[in-house]
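To start, the structure under review is shown below, and the notes come after it.
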Amino acid sequence: MNVTGGFISDERREIVQSASGSEDPMQIPISSKSPRSTQVHGKGSPVNHDRQSRSPIDGRPKKGGCGGKGTWGGLLDTDSSYALDPNDPNYDSSEEYGHPNARKSAPDFDAFKKKATIIVEEYFATDDVDSATNELKELAMPSYNYYFVKKLVSMAMDRHDHEKEMAAVLLSALYADVIDAPQVYRGFSKLVESADDLIVDIPDTVDILALFIARAVVDDILPPAFLKKQIALLPNDSKGVEVLERAEKGYLAAPMHAEIIERRWRVSKKTVEDVKARINNLLIEYVTSGDKKEAYRCIKDLKVPFFHHEIVKRALVMAMERRQAEDRLLDLLKEVAEEGLINSSQITKGFDRMIDTIEDLSLDIPNAQRILKSLISKATSDGWLCASSLKSLSLEPRKKLLEDNFTRTFKLKSQSIVQEYFLTGDISEVFSCLEAENRTSSGELNAIFVKRLITLAMDRKNREKEMASVLLSSLYFPADDVVNGFVMLIESADDTALDNPVVVEDLAMFLARAVVDEVLAPQHLEEVGSQFLGTDSIGGKVLQMAKSLLKARLSGERILRCWGGGGSSRPGWAVEDVKHKIGKLLEEYESGGDIREAYRCIKELGMPFFHHEVVKKAMVMVMEKKNDRLWGLLAHCFGSGLITMNQMTKGFSRVEESLDDLALDVPDARK
């Protein structure tokens, strides 16, 4: 028996784990005797159940040796992690894997690795999910599927965004049906453990692997608890710890993180009409086959959560047209609602869109209103629809519904509120007035206010347009309400164009500015566009122009200054003024101010792309004053997602670039 004292390789360790069913190859159960005993399994390597000291560098068990001064050491106390020498005269290949089945498992695992690599390469070349799925099934080695997860992700990490997105899509498709949850979990564990090796060939390993993990959590193939559990198992100086912390704080803690993560690598090739056609086809197929599982998968594969209201609407129309399919379609909607695949907001929006179009439907389905009332009643009694949140069901057109006395009064008061704001610039006064007039925080009234604010601003100078954008970013209206406000603006654009010939350009700029100010997420542009068909429509033109503005180089800075920025008589929005404000708020907090007040002030700056200045100034103050209080503010802003990973990194980079100058005042600045 050779006792070289080396380490078992990762591949051998994986084989032992697969053969034994144990997560730790050093903890293979052999005997029910005392856990401190060391036994030999046949001719295999001895297995030490005692807790070993671990290297502070890589967390692995320390090498064997002679035990040190004053101890018996050497051959009898050899560490269990030694490697066998194939050149030894007494070498037996079964000893290499420490398990009776290892002789059989080793070639199986080697074959699986080769075939897995081929499957991944072919998948990246063909983008054929079904083919990759079938080929992995045909291997029929489910205990090795964790390696496929590891191989797929590690190969994608070294390729373009297109392949990264393909890898994420394939993992979601394989999850549960082909690769079970424990194998996915184990595959990602292996990736995190090998982060120190991966970074040698892939410098961006920390960020890319963190995004893969965050994407797996968002796609529900990896539990959120994975992050905490894995951190506890890794050495503090491991790159794997950085990966997990980046995934948690840099991605999963950010506002609207699910949408951002899902679209990070995606190159959208779908048009609204394509998605509508796919929705229609999946519903027709479901009505014919009754295969709920397949319909669920198709809905998930659409990957358009902001457009799920179209599924609800089309399912309801189909239920009204095909009475015999009503129960089946309602059953599908109930299940996807209860499973959370379609959220309550999208369910309500789908029903509301039906109510809005009931008059047109009545031309083709004479009793459409009665049937819709029946569908609403059934959905409410089954518990997946809140009827009180729906619009009033009436045969009157939508515009007449809005023109009740209360709404007309609110419109008039909104106009007064906006006009006064343009005179005073007092945002807090607007807050107070809106709270008084819209006590129920009605989404419909919020949308009306957005429309009135932008309509009045478009008829004025750049100063008022800038003020309108600043107010919109300060109101914190739900994104759906802002979307509805823009939809109403575009619907009335034909009339507005009579007084404002550049209404398309103005609306596009306001829409792009809302995205830059993080009032809306980029995918909300698609939701606005979904309400208007064709690129020749005003809605299509506004959307196309807004996207072009956002794609331009340095779009954030340009859009923020589209109306002159600091050109108004009201100070506070020129770059130097913003820097001065940041310095003041940090000084106030550093001298004992409230963290919530500082957080609010940073948010009210309305310049998310300029948050790196907050990071830079805070770090310089920490260096100069030797006061760590500002670290708490940065941690709070980062943890809540107000300051993104990109802005945090940029702030640190700017400090690093100015170290030579800082060293004149702070000699130990670099340290």
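Glycine residues also receive a Cβ, built from the backbone N, Cα and C atoms like all the rest.
If you look up TrEMBL, you'll see 29-40 marked as compositional bias 'Polar residues'.
The compositional bias 'Basic and acidic residues' feature in TrEMBL is assigned to 48-61.
If you look up TrEMBL, you'll see 64-73 marked as compositional bias 'Gly residues'.
The domain 'MI' annotation in TrEMBL covers 111-232 (among others).
What TrEMBL lists as domain 'MI' is 274-395 (among others).
What TrEMBL records for 409-530 (among others) is domain 'MI'.
Taken from TrEMBL, the feature domain 'MI' covers 577-671 (among others).
Sequence annotations record features per position, and here TrEMBL assigns region 'Disordered' to 1-106.
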Per-region confidence, the domain 'MI' (111-232) (mean pLDDT, whole number): 92
Residues in the domain 'MI' (111-232) grouped by DSSP into helix, strand and remaining coil: 99 helix, 2 strand, 21 coil
In contact by Cβ distance (the domain 'MI' (111-232), the domain 'MI' (409-530); 3 or more pairs under 8 Å): no
